[in-house]
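Annotated transmembrane segment per TrEMBL: 6-29, 84-103, 133-155, 167-185, 197-219, 239-262, 274-297, 317-342, 363-381, 387-406, 413-433, 453-471 (among others), in sequence order.
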Amino acid sequence: MNGVNPWALGVFVFFFAATIVIGSSIQWIRKTLSRGKSAHSSEDWSLGGRQFGPWVTWFLVGGDFYTAYTVIAVPALVYAAGGYGFFALPYTIIVYPFIFLVMPRLWKIAQEGGYATAADIVRARFNSRALEIVVALTGLVAVMPYIALQLIGIRTVVQALGLPGDIPLVIAFLSLAAYTWLGGLHAPALTAFIKDIMIYIAVLVAVTVIPLHMGGYAALFTAADHSQPILKAGMGMPYATLALSSALAAFLYPHTLTGILAARSADTIRQNAVFLPIYTIVLGLIAMLGLMAHVAGVTTTNNSLVVPLLFQTIFPAWFSGFCFAAIAVGALVPAAVMAIGAANLVTHNLLPARHKSVRNSRLTAFAVKVGALLCVMFLNAQFAIDFQLLGGVIILQTFPALILGLMRIRFSAAAMLAGWVVGTVFGVGLCLMDSLKPIHFLYMGPFSGNVSTGLMSLVVNIVVVGLITLVKPAASADYAKPEGRPYAPSNPPTLH
């Protein structure tokens, strides 16, 4: 942190630049291999032609779900809050049965109807332009700070390399913009392989070498007692409810749903739901870095620097540069998919149908990334973090329309809109009351305690939807033809 090490910087630049070049050239490579016959449609750019098989989908969804900010934020939370930071582990276990049961059915509806976004599916289900716009805007608001957090992740490792100012961040942004513009969804799908291999190497070396410096894992846990590696009394409820609400929200975001809709088949999604928990094992090892930082004597007032400082303390400069490159590359994959998912919402659901083209999708994705860059450069990083937490509460309010809408119960668009409004106002109100903390104290007599704000607001949302449906159910639960879009099947797959 006291100057630029040429070895660390050189290794970082090599791997980061190589990844950008490979991702940016993927369309040229595909065109060459197919002798000029590769597709160049809006669907090919934004959903990879819906042709990703099990391996590509596994790397894409995993690379999109486990972001670079995860590598920085999870150990930082463990460093600051001890065992509470491990809530990310049960959350990423709970989510996969949900994916296995629900997402193949959602994929089939989208495939047969030609839908590319959650808002498309909701419009088809409820034949409501208002509900479509609400779901699209909710997704857009929720994903914007997520992109900013990926850029913050890049800025964190750039700072650790000793590079001053925002110029390196702008260069990284331009690289991301070119990478997404030229490669579309194929770029992150390809480079997700590179990202995961680099992250695996960095993490496995870290969890092997660092404990050796400390006398083994037994000595590590003994020395880490002061960092509260177990939950404090009363933390069980917020720990559990945060894990549950995070799991329910995870695949409502535009970027995670984009990875699902790009799969080749429903079986591809089921196979991935079985094997994606392998990432959770790696996440547990990543979380351990927060405890290791305490034992290694890392001290900082900026918790986001915990992992970079730990790597610099233990590893030689060249390997620190490799680890920093892994984190930066780990930001490219999710940031690209997030921008593409946001662009899909704008071009499919917010703009007139005539504006749906590759060019407009590229321009929209670029504009979204510019907005994220401006947030990082001119707003406090804590604002982006708080905004992202708020986005998690907001995106949960689309759960009834998108997921419960798959059921045969005759929900109406009016019920879903009312539930969304009440749930959003309730959730945002509690967040503002609690200084944007993701938990709120709920008085329930002997069972009182802190509960996830997102989960509470979702329950309120569902109660409103249920009450209105009991009073006035919809006339029909059939899927309708959204104006200007392909017909959906007359008897769509539903949850039984």
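Yeah, the Cβs are placed from backbone N, Cα and C, and that goes for glycine too.
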Per Cβ pairs under 8 Å, the stretch of 84-103, 133-155, 239-262, 317-342, 413-433 packing most closely against the transmembrane segment (167-185):
317-342
Look over the recorded stretches 197-219, 239-262, 317-342, 413-433 and say which has the most C-beta pairs under 8 A to the transmembrane segment (84-103).
239-262
Please work out which recorded stretch in 133-155, 239-262, 317-342 has the most C-beta pairs separated by under 8 angstroms from the transmembrane segment (197-219)?
317-342
Maximum Cβ pairs under 8 Å to the transmembrane segment (363-381) - stretch from the list 6-29, 133-155, 413-433:
133-155
The transmembrane segment (6-29) touching the transmembrane segment (133-155) per 3+ Cβ pairs under 8 Å rule:
no
Most CB pairs under 8 Å with the transmembrane segment (317-342): which of 6-29, 239-262, 274-297, 413-433, 453-471?
6-29
Determine which residues of the chain contact the transmembrane segment (6-29) at the Cβ level, with the cut-off under 8 Å and only residues 6 or more beyond its ends counted.
38, 40, 157, 161-163, 172, 175, 178-179, 182-184, 186-188, 190-191, 194-195, 198, 316-322, 324-326, 328-329, 332, 336
How about the transmembrane segment (413-433) with the transmembrane segment (453-471) - do they touch, taking at least 3 C-beta pairs under 8 Å (6 or more apart in sequence) as contact?
yes
